[in-house]
Amino acid sequence: MADAEASAELPEEARPDGGTLRVLRDMASRLRIHSIRATCSTSSGHPTSCSSSAEIMSVLFFYIMRYKQSDPENPDNDRFVLAKRLSFVDVATGWLGQGLGVACGMAYTGKYFDRASYRVFCLMSDGESSEGSVWEAMAFASYYSLDNLVAIFDVNRLGHSGALPAEHCIDIYQRRCEAFGWNTYVVDGRDVEALCQVFWQASQVKHKPTAVVAKTFKGRGTPSIEDAESWHGKPMPRERADAIIKLIESQIETSRNLDPQLPIEDSPEVNITDVRMTSPPDYRVGDKIATRKACGLALAKLGYANDRVIVLDGDTKYSTFSEIFNKEYPERFIECFMAEQNMVSVALGCASRGRTIAFASTFAAFLTRAFDQIRIGGLSESNINIIGSHCGVSVGEDGASQMALEDIAMFRTIPKCTIFYPTDAVSTEHAVSLAANAKGMCFIRTTRPETMVIYTPQERFEIGQAKVLRHCVSDKVTVIGAGITVYEALAAADELLKQDIFIRVIDLFTIKPLDVTTIISSAKATEGRIITVEDHYPQGGIGEAVCAAVSMDPDIQVHSLAVSGVPQSGKSEELLDMYGISARHIIVAVKCMLLN
C-alpha cells in the first residue's frame, strides 16, 4: 500500500496538518541547537547522538505524549525513559541496556496495578541492543502483554568506536523484535509525519508491546559530521558550532510552539507511607525457622497491611519463600524468571513515582549479575528493596557457586543503601517492615539453614541500632556478629564462661548504617578489644566496616574472622568450622587477644 493511501485511511488525529508538521520539524531543529550549545558550554556530551533522535523527541513530547509540563512527577503523566546518555527525571541515566527494563516496570505498574491510561515510551540506541539485558526486557514485555509500552530503536548505524554489526540493516532489527513477540513498525526517523502515524498506530495495538525501528543518522543536520565516524561523545569546536547553529536556524520556518496534550487523570491515589504490620511477630523464643522463610512470611504479612506491596522473584520463589506471598496475593507477584538484571530494572520501574513498595528476591549470589542495575538504583535514590537469600558458606551442600560471599561488599558501595542482616525470625520480620518505610535502597540478607528464635515478639528494632546480647562488667572482649555468626558467638560465650572468661556479644542487625556508638562504647568497656566474625569474604565485609568505624581511636584493636579462599561443599556446621568462623575459632581468637 502506498504511503499516501495508508495515510488517508488513518483518522484525523493521526494525521497532523501541515502547520503542525512544520512546527514539529522546527522543534527538532531547536533541539539540535540546544544540544550543540549545551555540549559546547560544558565541553562534554553527545550532540551527534542527540541530533539523530531530534525528530523522535519532537513528535513524542509535542504531539504524542500526554503530560503536565508544570508537574513532571504527576502519576497520570505518560512516562519517558531515555537510555541514550541524556538526562531524565525518573531514573538515573548514562548507562546502556537498562532503560527498557525500567520502562517494563513502569508499564507493568500502569497496566496491572494502577490500571490507568498513562503510557510508557523508551528510547534506545541501536548500539545498546548488543546488551543482553535489552532482550531480557523484550521477553518480559511480550510475556506480560505490555501493550502500553513503546520501545523506540534509534538506528543511527554508529556506536562509540565505529559502525555497529547490523549498521543500517533495519530488517534485522525488525525480525528480532518480531521474534520476541512485539508488534513492530519500521519508519524513517527523519519523517515527522510518518512518526506521528506509527506512534498513533501503536496506541491502538492490544495485547502486545510495540517496537518502532527508526532509521536515523548520527549528527543529522550537521554538514560533514552527519553519518561520520569518530564524532561520538565529542562537542563541536566553538567556531564550527556557531556556523552549524546559523545554518540550522536558517531552516526554521516558524516561532510557534505546541503544548502537549494533558493526561487522562485516572490513576488511583496511593499511600505508601508509614506502612505497619497489623500484629507483632508470632514466634516464641526457641522456635527454629530459617530467616529466608521468615522473610517470605513477613512479606505476606506486609502485603495484608498495604495493597501496594509487590514482590518480584527470579524463578527462586520456593527457595526464597516468596511463594508464600504469591499464594496470598498472586495479582501482586511478578515472576521475572532467570533474568536477575531485568528483575532489578523492573523493580526500579515499579517503584518509580512512589507507586509501589517493591521487594525483589533471589539468591544473594545471583545479585552480582545485576550489580549494574543495583548501582543505577542507588544513583536514582530509588526506594526498592532487595532480598538476597542463601548467603555465605552456611548454604552448605549446594557449594561455592550458590554461596553469596561478596554481597555485603557490593551493597556497602551503594549510596544511602541500608543493609539488614537479621539473625532470627523476629528480627527478620522487623527488617522487612523497616525496609518498607525506609528512604533509599534496602538489602535484606537472609540465611538458608534454620536458626533459633532469640528475640521476644515485643523486642523493638531500629535501623542503625545493634543489640547487645551478652554483657557484664567483667567482659574482656567484644565479639561482633550478624546472622548465622551470632549463634557461633553465643556458643563461644557459653563455653568461655565455663572458663571464667567473659565476652560481650553484639548482633549488628544493620551493617549499614553501623551502630558506631554501641561498638565504640563496648570496645572501651572491653579494653579496646574487638573480634568480628562473618559469613562473608573479608574484603568489604563486616570486619572492614567495623575497622573503618573505629579507625580514629588508636586504643581499639580489631581482629576479623571471615571466610577465605574458595569454599567447598559440605554440611553447614562443617563449613563454618572449616573456614574459621565457628565458635571454636572465636574461642581461639579471644584467648589470643587476651594473651597479647
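Glycine residues also receive a Cβ, built from the backbone N, Cα and C atoms like all the rest.
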Checklist line | Mg(2+) binding, same site as N156, L158 - Swiss-Prot member from D126, D188, D191 | finding: D126
Next item on the list: Determine the most Cβ-crowded residue among the binding-site residues N156, E340, using a 10 Å radius around each Cβ and all protein chains in the structure.
Entry: N156
Check: What binding-site residues among N156, R292, S319 are found with a C-alpha within 10 angstroms of that of K218 (thiamine diphosphate binding site)?
Finding: N156
Check: Around the Mg(2+) site recorded as D126, N156, L158, what other same-chain residues have a C-beta within 8 angstroms of the site's C-beta center?
Finding: S52, S125, G127, D154, V155, R157, G159, L164, T216, K218
Notebook entry, point to check: Taking DSSP three-state, what's S49 (thiamine diphosphate binding site) in: helix, strand or coil?
Noted result: helix
Check: Out of S49, S319, Q402, which has the highest number of nearby Cβ atoms, where nearby means within 10 Å of its Cβ, if these are the binding-site residues?
Finding: S49
Check: Near the Cβ of H390 (substrate binding site), how many other Cβ atoms are there if near means within 10 Å?
Finding: 26
Check: In whole Å, how far is N156 (Mg(2+) binding site) from R448 (substrate binding site) when you measure between their Cα atoms?
Finding: 49
